[in-house]
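The following features are taken from Swiss-Prot:
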{"type": "BINDING", "residues": "W57, G83, A84, G85, D104, W133, A150", "note": "S-adenosyl-L-methionine binding site"}
Amino acid sequence: MASSRTDPETEPESVFPREIRLFTDSYSESSRFCFCGHELSITQNFGSRLGVAARVWDAALSLCDYFESQNVDFRGKKVIELGAGTGIVGILAALQGGDVTITDLPVALEQIQDNVHANVPPGGRARVCALSWGIDQHVFPGNYDLVLGADIVYLEPTFPLLLGTLRHLCGPHGTIYLASKMRAEHGAETFFRRLLPQHFHLELAQRDEDVNVNIYRARHREVAPAGQHPFC
């Protein structure tokens, strides 16, 4: 679904560099996680090819745990996950009844697809697509009920691209859930305190102190509940 026409200055590889030094050895590891009564088997393909997309990060686990503890209702909802990596968040949403599109850069899609096949039964509504922020988000509809992202706020040059993508994808009555490790050196505070509130009503839904992860909930300004104010 991704557009093949890109500006050389905005090629995904130039904006989302693979951190080849993070995983110099190539190997696969399968881990099991339990959320909402589902046992998920997630394969992580470590190596320089995938880099940070290879592993299940703390923010993804925190977001899955939040969905379980808050009994977030995915039934019949149109859902999209950004920067999915292993796909664990989108897979859980699909198992909980969502009609889910799981996205990342093309290099990560094979890993996601393998995990979808391993966890989502035939007939489950989970599709895997390439999506490069700021380049081809308009290939996707702009009426998602839920937009999900876990640990996708860590490269400041991508922030404007992510904002534009969120603004397009989130439907007028939709909700965005973003879980993020709050790394000061990666600009997370700037994104959530200054940039995102310019376009959305934002609230801190949960703070996981042990792993330094915040979970934020955002909605378009014009449809936010009465009396709600931007997070500051």
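The count begins at 1 with the first shown residue.
Backbone N, Cα and C define each Cβ position, glycine as well.
Neighbour density for A150 (S-adenosyl-L-methionine binding site): within 10 A of its CB lie 30 other CB atoms from the protein chains shown. Cβ neighbour count within 10 Å across all protein chains ranks G85 highest among the binding-site residues G83, G85.
Most buried of the binding-site residues W57, A84, D104, W133, judged by other Cβ atoms within 10 Å, is A84.
A strand conformation is recorded for D104 (S-adenosyl-L-methionine binding site) in the three-state DSSP classification.
Following the DSSP three-state reduction, the secondary structure of G83 (S-adenosyl-L-methionine binding site) is coil.
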